[in-house]
Amino acid sequence: EDLIERKKATRKRVRAALKELTEEQMSTESAQICEALLSTLQIFATENPPERGRPVRLGLYVHCAKLREVDTRPLLETALGLPNCEVYVPIVDDAKKDGESEGVRPAMRFLQIRNLDDDLERKTMGIMEPKEFLADGVTRRQNLEHLWDVPESNPRPLDVLLMPGLAFDSAGARCGRGGGYYDAFVDRYFDRCEASGYEPPPLVALAFSAQVLPAGEVPMARWDRRVDALATADGVL
């Protein structure tokens, strides 16, 4: 109970700090964060040769302005323009809306997109998510986790997962917004990676300066996962 209350207090503290940011500040920091990632991560290299015929795979969120998230459009545009990169973005399944029982863990899938203008649609809170079907209205979009079931797809995991959050610290602690979507996905995906003999992808979080707290000030349960790196306006830490 104490942990729950501390997480609530942390979320309240960081939401208040985010509200103080101007549109100009968020735009400037977003550009700096994207520039740092584009110059640091190998996945964004213009020449990214296949590894034994395998494409590189990027998991990345589409930012939501209402939630004051770091704008990822430059990253998405760059990755989609690379000849050997598959891009997967999240779609949320509402268990309660679908009539499932209480207690079901939040469900989020990552589907492949090829075009920002054609492959996304606006959902709850104005969040852009991938369309479930391709343009023919019949063929389902490629689900990242279904690659395991298609051996010829070279089902190695993501090379990196770029993720949002609400509060972070310099030691890699992460506190989400409380929905548990990323926690549930990462737990499930990492278990599948390890069961298949693959190293899980590194987790890299994107954060405005207002979201980064001193080390030790982001409460975490023993089962919460830390991120491997934090991308801020100061660089990739």
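Keep in mind that glycine also has a Cβ here, set from the backbone N, Cα and C atoms.
Just so you know, TrEMBL annotations never went through curation; they're auto-generated.
Residues or ranges marked as ATP binding site by TrEMBL: Arg174, Cys175, Gly176, Arg177, Gly178, Gly179, Gly180, Tyr181, Tyr182.
Cβ neighbour count within 10 Å across all protein chains ranks Gly176 highest among the binding-site residues Gly176, Gly178, Gly180.
In the structure as shown, the Cβ atom of Arg174 (ATP binding site) sits within 10 Å of 24 other Cβ atoms.
Same-chain residues with CB within 8 A of the center of the Arg174, Cys175, Gly176, Arg177, Gly178, Gly179, Gly180, Tyr181, Tyr182 CB atoms, the ATP site residues themselves not counted, are Gly165, Leu166, Asp183. Cβ environment of Tyr182 (ATP binding site): Met108, Met163, Pro164, Gly165, Gly176 lie under 8 Å away, each six or more residues apart in the same chain.
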